[in-house]
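Undergrad: Have a look at the structure that comes next, please.
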């Protein structure tokens, strides 16, 4: 799975350990999701396009670079909202395209219920964010939706992922890069990531 990029960094590993802990309180969980996302976005945006420009410093004229890639952040509602602020901190000029999927507890499949994209979505590189990448179903449906809307370049950032979901996704979209901080052991019989971190949405929004 050459499209899967495992981001390894001591700070991320340390914060992920606290994130997994069942005793971590919601306010701290939200903070950790934000901090880990902040660290991960650097790697996912490594290949953004830039152009050569001149900038006048207080001392002299300097050769410099300016971003030319227009970015659209696509959080998967609702858990990914906890990742959004950190991405905005790094890319304040990004647009946001909301994608709503809800897990059906009987089928363990994600059901689409909402989307709101900027008018120029097809001119932007989409970065889909979702803290958990389990079966891959939501990711597949999200990419399919964006492709149907004309979005050509897409990346996916997830804090933890299951190998089954990554394999399934990569077979369908080998050209879409997935960045994750951890590839966990497996999915259980309910399609929850093991060892995982529980329900990210419930822990972010304190709805346990």
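Cβ atoms here come from the backbone N, Cα and C positions, even for glycine.
From a predicted model like this one, the values you see are computed outputs, not experimental measurements.
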Undergrad: Besides 78, 130, 131, 132, 133, 134, 135, 136, 137, 138, 199, which of 46, 66, 103 does Swiss-Prot list for that 5-phospho-alpha-D-ribose 1-diphosphate site?
TA: 103
Undergrad: Applying the rule Cβ within 8 Å of the centroid of the Cβ atoms of 193, 198, 199, 200, what extra residues of the same chain belong around the uracil site?
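TA: For the uracil site the neighbour list reads 131, 132, 192, 196, 197, 201, 202, 203.
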Undergrad: Here are the binding-site residues: 136, 198. Which has the lowest count of other Cβ atoms within 10 Å?
TA: 198
